[in-house]
Amino acid sequence: MGKMDKKWVVLCSAAVAAVYAGGFYTTEQDAVKMESAHYEFLNKQTNGQVSNPNKEKTNSLNSETINTPKQQYRDGTYTGMGMNRRGEIQVSVTLKKDKIVDVQISDWGMHYSEEDVVNLPDQVVADQSYNVENVSGATYSTEAFKNAVQDALSQAENS
Amino acid sequence: MRKIKLFMDTLIEIKIATWNGTAEKEAEAAAERAFEHFRKVEQACSRFNPESELMRACSIAGKPVNISPYLFGPLKFALEVANATDGRFDPTIGKAMEQHGFNQNYLTGERISTASIDSAATYRDIILDESTRSLRLKKPLIIDLGAVAKGFAIDLAAAELNGFEGYIINAGGDVYARGLERKDTPWKIGLQHPVKTAEVIEVFDISNQAVCTSGSYERKNEDNPENHHIILPETTRSPNRWVSSTVIAPSAMLADALSTACFLMEAEEADILLEAAGARGRLITPELKIVKVGGNKDDI
């Protein structure tokens, strides 16, 4: 096996450059498809297939109810909570016409205040290497996250 | 500035260092644009969405299909790695993955089931034409880009953030770090302990490099815990020589693909592969012995 380090890094950069050079941004069609996936997700949840014992709503969603003009959820951004092994998780879910358009973890969206920055170097010294925030090989469980999304959805529900 | 969103069945975290006077607002807007790349790559490369470019292309064998750079780039790269490893790494593993239970869409909960295909298909049955940017399958097969797509999305997101002096993108444990976290302090990236998952087993100081880990401990097959999501194409079984394989390389797509390839190899083969690719790594045995591979053994 010969030296291929340059070749492979070049291939990776070329793949990135092709996207940028093409100005390849989402076609509307793709966006709609992605949203339809979210939409089904939404329907599944209200059907109780994602477990939530507090949910009583059991409307069966067939094509008729999907086409019902009255929205199931109010448009806007809603906050939900869930738990996982890293502690409590807070999400903000943005809904538009019964579609999830954005999901963000909101309680980790912290901003360093001046005070935080002052303390950080000490913290690094104190913690040494065994308490680092960035970990390779750790796939976060998305279960807690999904519960938090569902919590947000229940708040957005049209009564 | 720190933001976390969900894409590709995992949490994607972007942090931009603001110690150097970087404006929060600018950083937030750039992070949003970076996240968009994850959305695009997921739309193009998802094996779990029958409407993705990838799955639409896989439903047509025998004739060329035009594909976007969001699919062409990672696919071409996956084929290069397949070629260099003589098929030890092979993106036509999709059907086997599906049969092993990795067939559920994380958003819809739906399970996919594709038509039966020729199990003898390999990466050599995928023909790419650079001039027309098209893909032709010689026989029906299902492509899985799980070992490159996330890395590719990280590289695209990184290109979006390159105006900033320091940032980090962590896509469920595949990480790219640029510049410094603080003045004189490089980013620290811990390698997750494969058993005590709340701990790290080693820490790297990283700048302008990606660190990707393939671990057998993360995504187990629910019905058969012996099988995990990294499958040897030849046997369609999961090797258990290593519990995790980590690669450090200048590009996330490179590190991502190589960490999977090394997981499927003996230490000696992995060492040769990484050295030739200008990368370095760590392989961890089930007994938690750490084996250094690639790079310069003296300075890592």
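Counting begins at 1 with the first residue displayed.
Note: Cβ is positioned from N, Cα and C throughout, glycine not excepted.
Here is what TrEMBL records for this protein:
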BINDING   B:Ala147, B:Asp256, B:Thr260  Mg(2+) binding site
Nonlocal neighbours by CB distance (under 8 Å) for B:Thr260 (Mg(2+) binding site), same chain, sequence gap 6 or more: B:Phe89, B:Ala147, B:Ser214, B:Ile230, B:Ser245
B:Ala147, B:Asp256, B:Thr260 excluded, remaining Cβ within 8 Å of their centroid (Mg(2+)): B:Phe89, B:Gly146, B:Val148, B:Lys150, B:Gly151, B:Cys212, B:Ser214, B:Ala257, B:Leu258, B:Ser259, B:Ala261
Cβ packing number for B:Ala147 (Mg(2+) binding site), 10 Å threshold: 27
Packing count at B:Asp256 (Mg(2+) binding site) (other Cβ atoms within 10 Å of its Cβ): 32
